[in-house]
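**Student:** Pasting a structure here, questions to come.
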Amino acid sequence: MAGGSFAPGGVAKARADEYEGKVTTYVIVACIVAAVGGSIFGYDIGISGGVTSMDGFLKKFFPSVYEKKSHSHESNYCKFNDQGLAAFTSSLYLAGLVATLFASPVTRNYGRRISIICGGISFLVGAILNAASVNFGMLLSGRIMLGVGIGFGNQAIPLYLSEMAPTHLRGGLNMMFQLATTLGIFSANMINYGTSKLDQWGWRLSLGLAAAPALLMTVGGVLLPETPNSLIEQGSKEKGRKVLERIRGTQNVDAEFEDMVDASELANSVKHPFRNILKKRNRPQLVMAICMPMFQILTGINSILFYAPVLFQSMGFKGNASLYSSALTGAVLALSTLVSIATVDRLGRRVLLIGGGIQMIVCQVIVGIILGLKFGNNQQLSEGYSIAVVIVICLFVAAFGWSWGPLGWTVPSEIFPLETRSAGQSITVAVNLFFTFIIAQSFLSLLCGLKFGLFLFFAGWITIMTIFVYIFLPETKGVPIEEMMLLWQRHWFWKKIISEDLREDESFERQKNSLVLPQQAP
């Protein structure tokens, strides 16, 4: 074993102050190319809502929805309420949920690159099927293949970014995934705005252009290097060290390399990562892997991004106006993500999550009040209130973009020890896709049933998750990814749960206090 002992769930030595290296062009290019995979996720989120509001698409696959949409006497909140239409959007996420469970062993045993390539190929096939669809079965098959691509991509890319990035910039570089996602959403909204004018075949072009980021992801996966963590875990220590030296721009990588080797030896001793992740010593990470993606979706953001054109049309905006408004929200989301990238490694994760949560609560309540007082059946919002709703929704999207959007992925990807990292990321992705599926499938029905109360429903969840972060999430800024276990052991709450397992390792007890960490909030 190279350099020191390790504790259950991670390395024991705190060698962060010995890490050397700089941000190299090599690692930046690798992270940018890998993060392009996030644009696939974003493109689908953005494209679905626009396509489902296009008359040509509705006439071909959902004629009953097209008829309902045209009836002026239909409730504003219920014009698009159709389970088949919801299934078109949600089927992708159910397929992704299943796919990510298969992606976990592939990512661990064969590397992050293989999963990225598999995801790109699957998404490419799905895009072609969707663009060429002549019936609902073909359309659904295409969506399922897209889901498989997202399951593999979302499993591997956040891990790849976390492992390639230097510790002091891990948060910002990891958020390349979210930035690519938001740019994918914005691009999809702009494409929908243009293709909506093409009448009968515009929807085919919108769905087919998903092949572009899928091709980039596939080619990028072929050209990218494997992460040093994964290479070492697979037994290629020398190759792993060479990659580490290359991405850090120095040969003085002994401390970081030793941490990786320690973590790898422990990881290879764990034959059943999903069983291991259930142990008490991994309880904090498991809770975060479940709660962070769950809360991310229960902000209500996907409801707005999936169905933005549908939502704005329901509020009385005309076709082009609704697509324009949804494009505006996509642009705001992309720009606000840049704020998070610039501040996350300076301000920390907790400040952004709590601040963003408070802003989202206020925005959801304001929208709910406006719709409750000024918008009902057979009514349209006045121009002034329509503008106010769009502005408040943009403020909501901005808050999500610099807080829970990127950090909902960043935090779970950086907190797991190597032996359970792929399993933990699989759980994170599965929970995210499960709740995305539930919201996507039920949103139109919830909008019809709860009406303006739906926004208050989401405000309640955001309140809960903001309190959750304040109490249970320690600050992970500046903590090396292979020394994260030391952080949980020092947290006022989690140490009570994991201390029983950690006491068994005396070396961990002797050395845990050597890591200097930020003061944790109660």
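Heads up, the Cβ atoms here are built off N, Cα and C, so glycines get one too.
Residues or ranges marked as transmembrane segment by TrEMBL: 23-43, 85-104, 116-138, 144-161, 173-191, 203-224, 286-310, 322-344, 351-373, 385-405, 426-446, 452-473. Here TrEMBL flags 30-477 as domain 'Major facilitator superfamily (MFS) profile'.
What does the local environment look like for each feature on the list?
**Tutor:** The average pLDDT computed over the domain 'Major facilitator superfamily (MFS) profile' (30-477) stands at 84.
Long-range contacts of the transmembrane segment (173-191) within its own chain (CB-CB distance under 8 A, at least 6 residues past either end) are made by residues 27-28, 31-32, 34-47, 50, 157-158, 161-162, 164-165, 205-206, 209, 213, 305, 308, 323, 326-327, 329-331, 333-334, 336-338, 340-341, 344, 401, 405-406, 409-410, 413-414.
Long-range contacts of the transmembrane segment (286-310) within the same chain, counting only residues at least 6 positions beyond its ends with a Cβ under 8 Å from a Cβ of the stretch, are 45-46, 48-50, 52-53, 80, 89, 185, 189, 192, 277-278, 319, 322-323, 325-326, 329-330, 333, 360, 364, 393, 396-397, 400, 404-405, 407-409, 411-412, 415-416, 424-425, 427-429, 431-432, 435-436, 439-440, 443-444, 454-455, 457-458, 461-462, 464-465, 468, 472-473.
Outside the transmembrane segment (322-344) by six or more residues, the chain places 46, 49-50, 53, 171-172, 175-176, 178-179, 182-183, 185-190, 192-193, 196, 304-305, 308-313, 352, 390, 393-394, 397-403, 405-407, 410, 477 with a CB less than 8 A from a CB of the stretch.
Residues 299-300, 315, 340, 343-344, 381, 385, 388-389, 392-393, 395-396, 398-400, 402-404, 407, 451-456, 458-459, 462-463, 465-466, 469-470, 473 of the same chain lie 6+ residues outside the transmembrane segment (351-373) yet bring a C-beta within less than 8 angstroms of a C-beta in it.
With a cut-off of 8 Å between Cβ atoms, the residues of this chain six or more beyond the transmembrane segment (452-473) that come close are 284, 287-288, 291, 295, 298-300, 303, 349-350, 353-354, 357-358, 360-361, 364-365, 367-369, 371-372, 375, 404, 411, 446, 493-494, 521-522.
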**Student:** For the transmembrane segment (203-224) and the transmembrane segment (116-138), check the count of CB pairs under 8 Å (sequence separation 6 or more) and say whether it reaches 3 or more.
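**Tutor:** Since 3 or more Cβ pairs under 8 Å link them, the transmembrane segment (203-224) and the transmembrane segment (116-138) do come into contact.
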**Student:** Checking distant contacts: for the transmembrane segment (85-104), what same-chain residues at least six beyond its ends satisfy Cβ-Cβ under 8 A?
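**Tutor:** Beyond its ends, the transmembrane segment (85-104) has Cβ neighbours at 44, 48-49, 52, 61-62, 65, 115, 118-119, 122, 139-140, 143-152, 154-156, 273-274, 306, 422-423, 425-426, 429-430, 433-434, 436-437, 440-445.
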